[in-house]
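According to TrEMBL:
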TRANSMEM  12-36  transmembrane segment
TRANSMEM  48-64  transmembrane segment
TRANSMEM  76-96  transmembrane segment
TRANSMEM  108-131  transmembrane segment
TRANSMEM  143-164  transmembrane segment
TRANSMEM  176-193  transmembrane segment
TRANSMEM  205-228  transmembrane segment
Amino acid sequence: MLLDGKNPVSAWIAFIFGTIAVLSTICVGIPQLVFLIKHKKTDKSVKYYTFWVFFIGVIGWMLIGSWDSSPQKMVGAAYANMVCSIIFSFTLFFSYKYSQNIKKRKTSYFVLIITLSISLFAIAFSLWGILANKHFPPTLMRVFLIVFPFLTTTSFLPSALQSFEQKKFGGMSKGMLFTLLFINTTWLLYWIALGFNRNEFNGDIIATIIWQGISFIMYSGLAILVFIEKTHKKRVQPY
């Protein structure tokens, strides 16, 4: 999105956090991927559908960035989610490959083929939107800005609620949790700075800030739970 140079402070803040957020988004699936390859075991508490919902959200953000109805597209977010979708395809693949459920293990390569096919098709469609300067109709864009942020925000909500209920963190690796929290924080700061830079918080920006705010609260709560667990383990360890 184009920044207003008349407000240099907010422009620089938006540029810095926007750049960090875009680069971090590329890496969102890497901690979980590394964890799976290293341990070769998917935790029993993992809810596979949460990763699918998040994957669909990533595809959606790719389309939002590349087919934005506004003159200045969010191409940075589009490119970041293109790479992210490929990485997350392999994260899903290894989640199934190292599942403790035999039926899920047998479907791992099918999952890889499906997710990579969806990713590559979405990437091709997104690149066409960028290079040919295509735009979604404003009404469709508003629907996308409600649906896909909702999916990425609530995708890990079931795992989060289970963790809070059992007072035990689970459902993803700790590395992925802190990566999601970091990405969420940088995007939240970017959108706030963008609003100040434009001297306007329109409906799209406000809606995005609300979704990012909800995500921030959820992931912060999980991070606190991880910290409490770690502190408790240190206390009960024999000297």
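Note: Cβ is positioned from N, Cα and C throughout, glycine not excepted.
In TrEMBL, annotation is done automatically, which means it is predicted and not curated.
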- Against which stretches of its own chain does the transmembrane segment (12-36) lie, if we need a Cβ under 8 Å and a gap of at least six residues from its ends? 3, 42, 58, 76-77, 79-81, 83-84, 87-88, 90-91, 94-95, 97-98, 172-173, 175-176, 178-180, 182-183, 186-187, 189-190, 193-194, 197
- Query: For the transmembrane segment (108-131), what are the same-chain contacts with Cβ under 8 Å, counting residues 6+ beyond its ends?
  - Reply: 55, 59, 62-63, 65-67, 73, 75, 78, 82, 85-86, 88-90, 92-94, 96-97, 99
- Message: At a Cβ cut-off of 8 Å, and with pairs 6 or more apart in sequence only, do we get at least 3 pairs between the transmembrane segment (205-228) and the transmembrane segment (76-96), yes or no?
- Response: no
- Message: Using Cβ atoms and a strict cutoff of less than 8 Å, what residues sit near the transmembrane segment (76-96) while being 6 or more residues removed from its termini?
- Response: 18-19, 22-23, 25-30, 32-33, 36-37, 42, 46, 48, 51-52, 54-55, 58-59, 61-66, 104-105, 107-109, 111-112, 115-116, 118-119, 122-123, 126, 130
- Tertiary contacts of the transmembrane segment (48-64) (same chain, 6+ residues out, Cβ under 8 Å): 28, 74, 77-78, 81-82, 84-85, 88-89, 91-92, 95-96, 104, 115, 118-119, 122-123, 125-126, 129, 136, 141, 144-145, 147-149, 151-152, 154-156, 158-159, 171
- Determine which residues of the chain contact the transmembrane segment (143-164) at the Cβ level, with the cut-off under 8 Å and only residues 6 or more beyond its ends counted. 45-47, 50-51, 53-54, 56-58, 60-61, 63-64, 136, 170-172, 180, 204, 207-208, 211-212, 214-215, 218-219, 221-222, 225
